[in-house]
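Annotation comment: TrEMBL describes 6-26, 77-100, 120-139, 146-171, 177-197, 209-230, 236-257, 269-291 as transmembrane segment.
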Amino acid sequence: MLYCFLGLLVLWLLVMAGVLCFSYSATSSGEKLPLNGSQAPKVEASARPRSWMSSNQPPQSLRTIDREIKKGFVRKVYSILATQLLITAGIAVGMIYASFYHGDPNYLTKFGNGFIYNSSLSFLLFILTIILLCFLFSLKNSYPANYLLLLAFTASISFTVARVCVIYYSAGSGTQILLAFAITAATFLALTTFTMISRVDWDFMGPFLFAGMFLLMFWSLIMSLVFAFGGGFSSGWSLAFAIVGTILFSGFIIYDTNNIMRYCGVDDYIIAAIELYLDVLNLFLFILQILTLSNNN
């Protein structure tokens, strides 16, 4: 499994390199030409506040900035995203190997037993993630606190994803984990490329996607309550739930990529990276669920 993972990791690095190269070319035409093709007015640097959220002035988005700043912003977002995903993948693999004797899913180590069956761990990680996210939004422009908080947030999310991967691995779904990783990488590259070359402004998708998110959360709550009160596990409903989640977060990748290329302020690189990071992880988890349920595991 280790060699397969290393191969897929190289694939992921190539995917991110392709995205960076494509985003570079997508923002390189014209001296001050925004991505929608219309001429943008000049913006005086002295008139721009440190954070547009603290001013009544409109935000300085990618529509109104020099092409070199555009390219730097996009490169920074995807570089942060690549680093986050590498950290997550590394922690997930490390936890899998620490949780099983010689990688055998039938033999849990003492650490692995606690990592899987500690019921309070998921709750603590969830609370920690929410707290860190709140601080990140508040201090997104405060260096180096923003990067330290981003690292802590990424680690917290990574251990949550790692716990899910360990549970799936213990059920004999190691192959599905690798396959989900590859499918997620390919899907992300395809959707990102499609959004960057498209002339359509996908901002209109926002209300539909967020409505879908609330419906998905409500659906998840109903399924949890039914299961908790002895309703039993339904693989059919779970598969349908995973398919809807996959479609939803594929839409979020398009929507968030569109916002990064068109609307995000130049100081919003950390928030933009976090949005894509969560989109990719949720897409991975839903694809993993589909593959596992389809394999009757």
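Just so it is clear, glycine is given a Cβ too, placed from its N, Cα and C backbone atoms.
A TrEMBL annotation is a machine prediction, not a hand-curated record.
Proximity of the transmembrane segment (269-291) to the transmembrane segment (209-230) is not established, fewer than 3 Cβ-Cβ distances being under 8 Å for residue pairs spaced 6 or more apart. Outside the transmembrane segment (120-139) by six or more residues, the chain places 145-146, 149-150, 152-153, 156-157, 159-160, 163, 270-271, 274 with a CB less than 8 A from a CB of the stretch. Below 8 angstroms of C-beta separation, residues 187-188, 191-192, 194-196, 202-203, 205-206, 208-209, 212-213, 216, 219-220, 223, 272, 275-276, 279-280, 282-283, 286-287, 289-290, 293-294 of the same chain, each at least six residues beyond the ends of the transmembrane segment (236-257), sit close to that stretch. Within the same chain, residues 237-238, 241, 244-245, 248, 251-252, 255 sit at least 6 positions outside the transmembrane segment (209-230) and bring their C-beta atoms closer than 8 Å to a C-beta of that stretch.
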